[in-house]
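Following: one structure in structure tokens, then a few remarks.
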Amino acid sequence: MVTLIDSPTSAAVQPRLTLQTADIAAHTTAIRCLDWDRDRFDIEFELRHGTTYNSFLIRGEKTALIDTSHRKFEAVYLQLLQDLVDLRSLDYLIVNHTEPDHSGLIPDLLELAPQVTVVGSKVAIQFLEKLVHRPFESQIVKSGHSLDLGQGHELQFISAPNLHWPDTILTYDSGTQVLYTCDVFGMHYCDDSLFDETPERLEPDFQYYYNCLMGSNARSVLMALKRIAPLQVVLVATGHGPLLQHHISHWLGQYDAWSQNQVKAETFVALFYVDGYGVSDRLVQTIADGISKTGVAIELVDLSVADTHEVRTLAQCAAGLVVGMPPQSSTSTTLDPLLGTILAAVHPKQVIGLFESGGGQDEPIYPLRNRFQELGLQEAFEPILLKTEPTAATDQLCREAGTDLGQYLTQKQSQQANTDLDPELNQAIGRLSTGLYILTAQKGDVRSAMLASWVIQGSFEPLGIVIAVAKDRAIESLLHPGDTFVLNVLEEDNYQSLMRHFLLRFPPGADRFAGVNTYPAQNGSPILLETLAYLECEVTSRLDGNDHWLVYSTIQTGRVAKLNALTATHHRKLGNHY
């Protein structure tokens with residue numbers, strides 16, 4: 001039975017918001033929040049047919065709610081939920097994914113039902129701890145874990161990281177054979193049809209959604225498809241759009257075909273680690289973040305749940321590998337063979353990076369390093385060793401190590417792109433001249449710097465500047481809205497030594513200010529003693545310029561050291577490089 005409910009906010013001047021409930025399986029109710037007029041989803045893509053936010057209620061001997069809804073539905077959703085179930089009897093909240101359109105009402109739900117146990121991946125629970133700002137019961141799950149609600153409803157969990165967030169899990173009810181997928185297999189399509197009766201009408205939006213959200217993680221899509229392949233699925237309960245019932249094999253086949261095409265020419269790095277061991281989760285995510293800045297795809301592989309075939313395939317196909325030291329074989333009988341599988345699969349054209357996991361029983365890092373070197377692999381960065389608990393400086397080291405690895409893999413691609421520009425256009429663009437500057441930033445114990453030339457004044461009121469910062473620059477992580485920095489202006493006749501210093505290729509974690517005279521600005525960032533002038537700035541916004549961030553910042557204060565001196569000028573002849 002399908003029930004439609006109008007939201008009180010659906011007056012003519014307001015977006016149309018309605019609710020729909022339907023029994024979709026034994027003891028199972030779908031709650032669909034229909035957002036008819038939403039025309040944009042985050043910054044990722046335009047919406048042509050609105051969207052829906054779907055959640056699901058399962059009543060066994062225990063009761064579980066799978067996901068919640070967008071905050072714009074707060075009053076009507078929570079009231080409907082209380083009409084469907086006594087919230088004091090709600091036992092579990094399954095969080096497949098924590099983006100606000102699915103988790104926006106979790107704080108409100110926990111106020112009404114503080115006894116609820118929140119079930120999700122480790123990353124999801126960590127995120128919710130920051131979102132909720134109050135203690136709550138939680139249960140961390142991953143592939144192989146299950147939860148028995150009684151009356152035949154045994155929930156099985158499947159890890160699906162990077163679809164399209166690192167926290168994603170899928171939930172399968174073996175009793176009803178319903179697969180709950182949140183964003184995966186969804187589409188932004190709003191209408192009253194509960195199921196996918198007309199695939200030809202839905203296909204364009206289904207593919208558009210895949211291209212915008214899932215295509216960049218195609219290899220992760222294929223891994224998720226492999227994990228759900230053994231399941232008998234009669235209904236795919238998605239988080240957006242209609243539920244998939246009539247054409248399941250078609251939709252899953254499309255994901256498979258599109259992803260297979262995507263990965264054929266994709267350069268990617270496989271990062272092997274052991275989830276929950278030491279601080280490997282934190283380090284591998286930070287290294288992966290650094291790699292992603294260079295445009296190289298990543299594949300995170302938890303060795304505690306991966307199978308031999310998966311490890312072998314990824315180790316063979318990856319352009320680069322990162323390995324976090326697992327516990328020694330004396331404490332684990334399953335991980336040592338997987339290390340052997342990696343060693344047997346790699347080849348000399350690959351690059352490698354290693355890090356200690358800090359679990360107390362790590363495999364020794366240097367013997368493994370020697371094995372990879374003997375097999376002919378090129379080392380992308382020095383082994384990352386943990387002498388103390390990780391700090392912000394450790395995060396900086398890992399992020400820069402990942403960026404170095406990614407830059408190594410994209411170097412040839414960048415060189416090819418530089419030669420593809422029309423020669424006359426290349427020379428014409430090269431006639432654009434700018435000043436020379438050193439951008440410095442510090443946040444806590446982490447500080448960085450870069451030579452900058454793509455700098456212009458962007459506004460009078462407020463006083464603002466725009467700086468183009470390549471996405472793979474180390475300092476990029478210190479230039480988000482709200483961050484502060486100093487723009488040091490180089491002097492025409494006194495810039496060579498500073499320019500040469502900051503053009504050096506620094507190893508990951510190196511002090512870029514060693515040997516340079518500095519003093520702190522009011523905002524804490526370093527001012528270079530030998531520069532002509534400086535401006536203290538705060539980042540206001542960033543515009544995505546494909547390979548650069550265009551960072552708009554307001555000027556807080558500044559000073560000139562030599563009134564009669566001129567700014568150093570950067571003259572180019574070609575536009576395809578700095």
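A Cβ is built for glycine as well, from the same backbone N, Cα and C atoms used for every other residue.
When the candidates Asp183, Asp191, Asp289, Asp302 are compared with the Fe cation 2 site entry in Swiss-Prot, which names Asp101, His240, the shared residue is Asp183. If you take every residue in the region 'Flavodoxin-reductase-like' (429-578) and average the pLDDT, you get 92.
What surrounds the Fe cation 2 site, by Cβ distance within 8 Å of the Cβ centroid and not counting Asp101, Asp183, His240, is the set Thr51, Tyr53, His97, Glu99, His102, Cys182, Gly186, His188, Thr238, Gly239 from the same chain. The two recorded residues, Asp183 (Fe cation 1 binding site) and His240 (Fe cation 2 binding site), have Cα atoms 7 Å apart. Take the CB of His240 (Fe cation 2 binding site) and look out to 10 A: across all protein chains shown you find 26 other CB atoms. Sitting within 8 Å of the Cβ centre of His97, Glu99, His164, Asp183, and not among those site residues for Fe cation 1, are the Cβ atoms of Thr98, His102, Leu163, Trp165, Thr168, Cys182, Val184, Leu213, Gly239. In the three-state DSSP scheme, His97 (Fe cation 1 binding site) falls into the coil class. Look at the region 'Flavodoxin-reductase-like' (429-578): DSSP puts its residues at 13 helix, 70 strand, 67 coil.
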